[in-house]
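Worksheet: the structure to be examined is printed underneath.
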């Protein structure tokens, strides 16, 4: 008896949930229709309702068709392909009453499409969004690549709204002036700055930050997700104020300072440094790793000294190199 009740309840949830999942509101008057992209799929039945108290003499038009596509307060569409997506508007007597925009999110062989963004080919898995933080303040930047140059819209937000998640607020996505070339093909680079709403830089991270990026291209919708701890995306800014002081012979003292952006106090948020002397005529560079902000080096004319930084206690990414000539 109990088994029968459980079976009936489970099927009821499935039958009720399936239609609700096929179409959902992305933002005001914009709806995403989830479509099975297999050739024999019937598509999704979508019913649009004109936002008006009027009942008669209502006609519907589409931005893909100059003629009326229907009449009455509701319009039923069988959405199967991109030709069925678009902007649908209801009118009466030449007056626009309301409109609805339909976007398609396609699933092929059980996999949601990822056509808009470039896979940045992480060795372990597909990576579409990459993020970096210059310190432990909870502020970080994410970026992505696309070969598409027009009709794009992006929105990055927290992937969860639950009380035990790490809430994040992201700004508007911006197009970088930098063009990225991969395998001889040029890509547009977009980025967004995000800030964790509540931060405690000295606390141990137990929950990852989760992000979802919603992408629109014309009438196509896709979403991409990523999750990480701030400690895993740390990349310090390079050291600043490099100075050389003569000692004896070719020996010199190289000194530098922590980057302004690095977390304080430095006694707690320590950096370690990689010092390298590069001589054009020698194949091997002289390298040393130090915890302090100075090092004794052998400097000769034509050589270049460079320094980069890394989190002292965690295996973060190294900063960019910053250099000074020996001469």
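Using the three backbone atoms N, Cα and C, a Cβ is placed for every residue, glycine included.
The feature domain 'Ig-like C2-type' is assigned by Swiss-Prot to 23-106.
If you look up Swiss-Prot, you'll see 50-90 marked as disulfide bond, on the strength of sequence analysis. DSSP assigns residue 90 (disulfide bond) to a strand. Over all protein chains present, the Cβ of residue 90 (disulfide bond) has 26 other Cβ atoms lying within 10 Å.
Residues or ranges marked as N-linked glycosylation site by Swiss-Prot on the basis of sequence analysis: 125 (among others).
Its own atom aside, the Cβ of residue 135 (N-linked glycosylation site) has 21 Cβ atoms within 10 angstroms in the protein chains shown. Residues or ranges marked as N-linked glycosylation site by Swiss-Prot on the basis of sequence analysis: 135 (among others).
Of all Cβ atoms in the shown protein chains, 16 besides its own fall within 10 Å of the Cβ of residue 223 (N-linked glycosylation site). Residues annotated as N-linked glycosylation site in Swiss-Prot, with sequence analysis given as evidence: 223 (among others).
The domain 'Fibronectin type-III' feature in Swiss-Prot is assigned to 238-327; the stated evidence is sequence analysis. Residues in the domain 'Fibronectin type-III' (238-327) partition by DSSP class (helix H, G, I; strand E, B; coil) as 0 helix, 44 strand, 46 coil.
Among the features that Swiss-Prot reports, N-linked glycosylation site is placed at 315 (among others), with the record citing sequence analysis. A 10 Å cutoff on Cβ-Cβ distances gives residue 315 (N-linked glycosylation site) a total of 10 other Cβ atoms nearby, all chains included.
Regional average pLDDT for the domain 'Fibronectin type-III' (238-327) in the model is 92.
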